[in-house]
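Q: Have a look at this one before I ask anything.
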Amino acid sequence: MVKVLFVCLGNICRSPMAEFVFKDMLQKQNLSDICLVASAGTSSEEAGNPVHRGTAAQLSMRNISCAGKRARKIVRSDYSEYDYLVGMERRNLADMLSFFGGDPAHKLFRLLDFSESPRDISDPWYTGDFERTYRDVSEGCKCFLEFLRREKKI
Ligand code: 4NP
């Protein structure tokens with residue numbers, strides 16, 4: 001079983017989008033049973049809140065449900081619980097490094113570092129463009145899945 005935690009700041013826009021897009025990809029390839037996926041935020045600001053309507057709309061357009069998801073902040077035990085803690089932007093990695101007190105097991109990654117054009121996921125909180133965020137997330141998830149396959153993790 002491979003365990004993946006997608007991480008952003010608030011856990012209402014980018015990381016839940018990655019969580020549900022990645023779960024959908026796994027489901028379509030019959031891989032759901034061997035990969036556990038969740039998401040969390042580095043901040044407690046949005047804890048308990050549902051997925052942002054802009055993200056929910058992008059998912060719904062593709063028949064992907066995020067029903068029941070509530071934002072949560074990362075906890076210390078996430079570092080031992082998950083195999084891959086995948087941030088959406090550079091700042092998420094810096095915040096995780098500080099929160100977990102380092103990355104001794106090399107579990108911290110940035111999603112689009114798995115792609116051929118490494119960059120941060122476009123932040124819809126500032127751009128208002130959830131479609132662009134979807135394109136970034138979808139590219140990142142596809143490349144991350146290919147990485148896991150190459151590494152023979154799934
Ligand atoms: P997320 O988006 O980190 O992708 O969930 C944001 C949510 C809340 C804030 C910023 C980004 N905020 O500043 O409260």
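Including glycine, each Cβ sits where the backbone N, Cα and C put it.
Summarising the annotation, TrEMBL assigns active site, nucleophile to Cys8. According to TrEMBL, the feature active site maps to Arg14. Feature annotation from TrEMBL assigns active site, proton donor to Asp123. For 2-147, the entry in TrEMBL reads domain 'Phosphotyrosine protein phosphatase I'.
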Q: List the residues of the same chain that sit at least 6 positions away from Cys8 (active site, nucleophile) in sequence and have their Cβ under 8 Å from its Cβ, in sequence order, or write 'none'.
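A: Spatial neighbours, sequence-distant, of Cys8 (active site, nucleophile): Arg14, Ser15, Ser39, Gly41, Thr42, Gly87, Met88, Glu89, Asn92, Ile121.
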Q: By a 10 A CB contact count over all chains shown, which of the active-site residues listed here is most packed: Arg14, Asp123?
A: Arg14
Q: Can you count helix, strand and coil residues in the domain 'Phosphotyrosine protein phosphatase I' (2-147) using DSSP?
A: 68 helix, 24 strand, 54 coil
Q: If you average per-residue pLDDT over the domain 'Phosphotyrosine protein phosphatase I' (2-147), what number do you get?
A: 98
